Amino acid sequence: MMRRVLAAILMLCALASCSRQPVEEHAFLMDTWCSITFYDRGDEELSDEAFAILEEIDARLDRFDTGSEVARINAQAGLSPVSVSEPTYKLIKRAKELSVMTGGAFNPLMGAVSDLWGFGSASPSVPDDDEIARLLEAVDIDNLVLDDGAMTVYLADDRISLDLGGIAKGHAADEVAAFLKASGVERAVVNLGGNVWCIGQREEDRPWTVGLQDPSSQDGAYFTTVSVSDSSVVTSGSYQRFFIEDGVAYHHILDPATGRPADSDILSVSLIMDDSTMADALTTALFVMGSTDAATFCRQWGLSAVILTGNGEEIRIGL
């Protein structure tokens with residue numbers, strides 16, 4: 001059966017010393033619980049506008065919504081290019097760039113393979129190896145053909161399906177955080193179920209303290225904390241979504257090289273950076289890489305990360 005952890009992967013530690021009570025607004029969007037917590041002001045109209053931004057992004061990027069731009073791209077796979085809006089085009093282009101940056105550990109063309117496993121459905125199951133291999137033949141990032149001038153997207157093989165699930169929430173968090181800042185909000189937390197944007201600081205000259213959830217905890221306890229100032233914290237982990245078949249757990253983070261759940265020694269990996277879009281894609285890639293290669297990658301690119309391995313080792317980089 002499918003088990004879904006709906007609680008946020010990251011938990012903001014209690015802010016008992018704040019001078020005014022925080023105001024929290026929440027909604028279920030983008031297939032997760034989303035919340036915006038204001039610490040310097042409460043504005044229902046502002047939060048409504050922020051959630052409207054999330055709804056608009058979801059309407060464009062949800063591949064299961066037949067009216068979305070991503071669904072239209074997938075419907076024309078192997079047939080013809082599809083014109084899309086500028087925001088969607090830019091995000092898809094960025095997804096392709098991040099795939100190249102990670103050596104393919106992040107790949108936005110894994111939608112059909114994910115569907116083969118049934119992730120997101122009521123009855124996931126282990127697929128046939130031959131069918132996985134057939135789809136993997138087409139999962140080449142060069143099959144994502146972009147035309148900057150015409151702003152079109154073309155999937156060059158009808159066996160592939162564009163899936164922006166590994167980057168969309170990070171993008172949405174960035175957009176909402178930018179909107180709130182432009183609207184004068186100085187202290188707030190945007191939480192999109194594992195993608196957390198901490199605007200400003202907890203108090204003057206004091207950073208936010210964010211707890212990272214212990215994957216083995218049933219009550220949401222965290223295994224460590226990180227200090228954050230005007231930045232995001234994004235986490236990926238194998239415990240977030242999985243199913244069990246014949247006593248074996250199969251998590252949802254697929255390795256683009258094998259088409260199977262990544263055989264990784266990482267339980268969870270978190271990135272702290274002011275670019276939640278990039279962090280969203282990179283945490284997925286880092287999980288696929290495994291702790292040794294992930295740590296090397298983070299040092300090479302100057303990233304701030306916390307990696308928790310299956311043997312309980314906590315690896316901190318750039319913190």
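Glycine residues also receive a Cβ, built from the backbone N, Cα and C atoms like all the rest.
TrEMBL labels come from automatic prediction, so no person has curated them.
Pulled from TrEMBL, these are the features on record:
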- 1-22: signal peptide (SIGNAL)
- GLY166, ASP280, THR284: Mg(2+) binding site (BINDING)
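The Cβ of GLY166 (Mg(2+) binding site) has 23 other Cβ atoms within 10 Å, all protein chains considered. Taking all protein chains in view, 27 other C-beta atoms sit within 10 angstroms of the C-beta of THR284 (Mg(2+) binding site). In sequence order, GLY166, ILE167, ALA168, LYS169, GLY170, HIS171, ASN195, VAL234 make up the list of same-chain residues 6 or more apart from ASP280 (Mg(2+) binding site) whose Cβ falls under 8 Å from its Cβ.
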